[in-house]
């Protein structure tokens, strides 16, 4: 690749630095070559003036000193010295962390007290052994480390986070790293060419999927990033991208109502629009499927709640009816101010919260649970099948007898419902009593 790809460019800025060397060059690439070849100090950046064609190699970058405006100047900083994270085992980590994972300050690599080091700047000039920064000069599998200032502990590892672009969160849909080989070692085909494999993943059709160069990506919700290969006999293959050890960032709000296609819906409705109970995502009965929660850790595939993991038009689920594989669910729509309201821990008035518990005897319970304690599906209150009854919405207008949601219209000990099992008239529901203190 281009040597300048290793640098981050900032226009019209100058930095104040003590260690620098002047060179006359014709362009930025020649100046980058001077920086790579610099032997007077560790070159972390360079300044290039376009009019004078002046090149200044620098020992410091903008993180280490002050900057000020300067027209006709471009600052190029080596990306490796800007990263405060590690890639893989961190042999190229050049950040400034200088304490161990237990918080003990590191000993300087050039010093011999309290520990006489095996690894020194003289012996390993290319290992970046500056000051007392954490480094990995011996390619230790556990990552960067340092000699400690504690006489009782010779060395310890440092807590360096993994670079997000070198590992994947969730299923790697947001992976923007530069791995370009498949897990079996095949080179990836560029996304902007149609040889040896023709395909429809063209940048203009998928502008938000970052289909650059021949880097592994996951534009279609696969298990993990992949690419077309340059082998005519192997159309595509997964790439071996490690999973990040840090938890994924919180992406927006977990919506309790339907906005857009409902991909962020995390409510607890677990019944389809025709009234079928949902199958649990972690079971394969009555329907076998590939949406296994462990494989898709960020899709919210909990219990048997309706979800939209694959970009369908709205949330859905597999059903417990063996003759109906899956169906959409009816999710209450959000109003226009959902984001603002949710930020204040409220929910739009017309949207029922899927409560998990009830207070007192549950006469005020207005959640959407519709399954009994033994797992039976509830009969709709307005229905007379399979059980005829008098607990109807018109006779109990204040009891909120909607759909087939568990309720307590008659002051029983807890919410209940008639069941869809012809042999069981009614049962208490699968609900717990709230802890009032926690609720408050």
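Residue 1 is the first one shown; counting continues down the chain.
A Cβ is built for glycine as well, from the same backbone N, Cα and C atoms used for every other residue.
Annotation source TrEMBL lists disulfide bond at 167-244, 188-227, 216-239, 257-334, 278-317, 306-329, 357-434, 378-417, 406-429. Look at TrEMBL and you will find 1-80 tagged as domain 'Apple'. Taken from TrEMBL, the feature domain 'Kringle' covers 84-163, 166-244, 256-334, 356-434.
Here the disulfide-bonded residues are 227, 239, and the one ringed by the most other CB atoms within 10 angstroms is 227. Here residue 306 (disulfide bond) is positioned 19 angstrom away from residue 429 (disulfide bond), judged by their C-alpha atoms. Neighbours of residue 216 (disulfide bond) among the disulfide-bonded residues 188, 227, 329, 417, defined as a Cα within 10 Å of its Cα, are 188, 227. Of all the Cβ atoms in the protein chains shown, 24 others lie within 10 Å of the Cβ of residue 306 (disulfide bond). Here the Cα atom of residue 167 (disulfide bond) is found 34 Å from that of residue 278 (disulfide bond). A straight line from the CA of residue 244 (disulfide bond) to the CA of residue 306 (disulfide bond) spans 27 Å. 256-334 is the stretch from 1-80, 84-163, 166-244, 256-334 with the greatest number of Cβ pairs below 8 Å to the domain 'Kringle' (356-434).
A gap of 20 Å separates the Cα atoms of residue 357 (disulfide bond) and residue 278 (disulfide bond). Taking 188, 257, 406 as the disulfide-bonded residues under consideration, the smallest Cα distance to residue 329 (disulfide bond) is found for 257. For the disulfide-bonded residues 188, 306, 334, 434, a Cα to Cα distance of within 10 angstroms from residue 278 (disulfide bond) holds for 306.
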